[in-house]
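Novice: One structure, as structure tokens, below. Some questions next.
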Amino acid sequence: MLVFSGLQEACCAYVLMVTAVYWVSEAVPLGAAALVPAFLYPLFGVLKSSEVASEYCKDTTLLLMGVICLAASIEKWNLHKRIALRMVMIAGAKPGMLVLGFMCCTVFLSMWLSNTSTTAMVMPIAEAVLQQLICTGLADSHDDSETEDSPEEDSEENLDKNQLELLYQNERYVCVAIEIPNVKRVKARRDSQYPTKRDHMICKCLSLSITYAATIGGLITITGTSTNLIFAEQFNTRYPDAKVINFGTWFIFSFPIAIIMLVLTWLWLHFLFLGCNFRETCSLSKKRKTRREMMSEQRIQEEYAKLGPISYPEVVTGIFFILMTLLWFTREPGFVPGWTSLFEKKGYRTDATVSVLLGFLLFLIPARRPFSSSSPHDESESDPLAPMITWKDFQRLMPWEIVILVGGGYALAAGCKVSGLSVWIGRQLEPMSGLPPWAVTLLACLLVSAVTEFASNPATLTVFLPILSALSETLLINPLHTLIPSTMCVSFGVMLPVGNPPNAIVFSYGHVQISDMVKAGFGVNLIGVAVVMLAITTWGVPLFNLTEFPAWAVARNVTGGL
């Protein structure tokens, strides 16, 4: 009845609860549930239809589209595979160093690509390496096995019993024994998928390290995850005078977090699955390499050799990648005037301007080297003016569901602001005013990291951002003190396969069980919350001036109170 009584706060709360229930239960697709405010707000008189529609396409939508253009070029020309294989070649095939190498390249790629895309790109490479380890382990176990067969079989031990053949089938390497006298023993060994328990542990460790590294890498940049984009847009919309969140400030704050989390997560996974003998698993000495490790390195080098010399499209993509990063960093660095100061009108050019411009150029620049008659790709393009990417390449990677989901979050936030619901929620939270800021932030981090294990990350953050903003204004805490840590902790849904798509991708390969994911993910969750709390109470304080309730929040608080 409250919905039809005309009370704005009640109407907005009803829309918020309905949308949240659909998001959490996933009774309908997330993108479809995000459209609920588009028809309920106008029906209940909270916002006009045109006002709601304008919330579904923001500056961050264009930013994401430009980044996806670059990601499409990276994937199309296999630049991601070259980067991953090169970093793994540097790390070596020792189990500990192999895991660290894959984690480093996954973190780097996830800074610029979505976590899901990065995991989907890196896991096939890791799986090929794991299959090589398994095949070599079968050969080694075959060598070391003691026969319990008849004397006739004992007399045949002079035969080559190690002959194995690698067959390439559906992008997987499968071991097939071809020596007839040894079929029984090989079959007995192969009843289990893994030669030894240690091999299984290596597979678990490497698989889980990739999904965790993708999550860590997504924290570093504004475009790394959709949750970062949601925070940036909602914060800039709610506090238009803040001017403190941009690509540079976010990177300065989050990069140390990612480095610390990378090291601690690697140590945790190594301890959990590989034990504490780091000298054995991380040695770079060639003398300490086993036959299996040397064969694995050879396999990685063969995969890299298949890529051939670096191609012209890869060079162009790399240049665009570096150029986009430099333009983002130098737009408004803060400590020195940025390139936007060269223009007369201020505030017109954003990070989205850069990404869309460079993304558009990828549709114009030919993929074939100028004055060259050779084709840049195995496909032998018939059109000499074929561009770096096509619209089909862009469409294949563009996450339209996420775009609508983010737009639905903006619409909900706008409704909370106009109806006064956020102010009402803030008043209900006044009893928490006695808590210190760090305690409020810790409670918020623990709450969102628990909820996001069962609900999607963007949906969780979209529901909590208006509440935490109102709470911060009520308690006279700098909103960044609670919003930034909560935004980062909402990405730590790493304990279940349903927590986020990268978890599901890794789980589908069959190396890990849910119990493994819960056990390892719980530790990663604690590491993440602890590191984020360390950051927001140390280098985050001078970076964002967190000791004071800022003027831009004071103005918003006074306006909201009226």
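One-based numbering along the chain as shown.
Cβ from N, Cα, C; glycine included.
What TrEMBL records for this protein is below:
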TRANSMEM  12-40  transmembrane segment
TRANSMEM  91-113  transmembrane segment
TRANSMEM  210-232  transmembrane segment
TRANSMEM  244-269  transmembrane segment
TRANSMEM  310-329  transmembrane segment
TRANSMEM  350-367  transmembrane segment
TRANSMEM  402-426  transmembrane segment
TRANSMEM  438-456  transmembrane segment
TRANSMEM  476-499  transmembrane segment
TRANSMEM  520-541  transmembrane segment
Novice: Go through the chain and flag residues at least 6 beyond the ends of the transmembrane segment (520-541) whose CB is under 8 A from any CB in it; none is fine as an answer.
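Specialist: Answer is 208, 212, 253-254, 256-257, 260-261, 264-265, 268-269, 272-273, 438, 441-442, 445-446, 449, 480-481, 484-485, 488-489, 491-492, 494-496, 499, 547.
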Novice: What stretch of 91-113, 210-232, 402-426 shows the most Cβ pairs under 8 Å to the transmembrane segment (476-499)?
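Specialist: So the stretch in question is 210-232.
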Novice: State the residues, same chain only, that lie 6 or more residues beyond the ends of the transmembrane segment (12-40) and have a CB under 8 A from a CB inside it; answer 'none' if no residue qualifies.
Specialist: 2-3, 46, 49, 52-53, 56, 400-402, 404-409, 411-412, 415-416, 418-419, 421, 454-456, 458-459, 462-463
Novice: Is it true that the transmembrane segment (210-232) and the transmembrane segment (402-426) have 3 or more CB pairs under 8 Å, sequence gap of 6 or more?
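Specialist: Yes; at least 3 Cβ pairs under 8 Å.
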Novice: Could you pull out which residues elsewhere in the chain have a CB under 8 Å from any CB of the transmembrane segment (350-367), counting only those six or more residues past its ends?
Specialist: 59-60, 62-63, 65-70, 72-73, 222-223, 246-247, 312-313, 316, 320, 323-324, 327-328, 331, 376-377, 381, 384-391
Novice: Does the transmembrane segment (244-269) reach the transmembrane segment (438-456), going by 3 or more CB pairs under 8 Å (6 or more apart in sequence)?
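Specialist: Answer no: the transmembrane segment (244-269) and the transmembrane segment (438-456) share fewer than 3 Cβ pairs below 8 Å.
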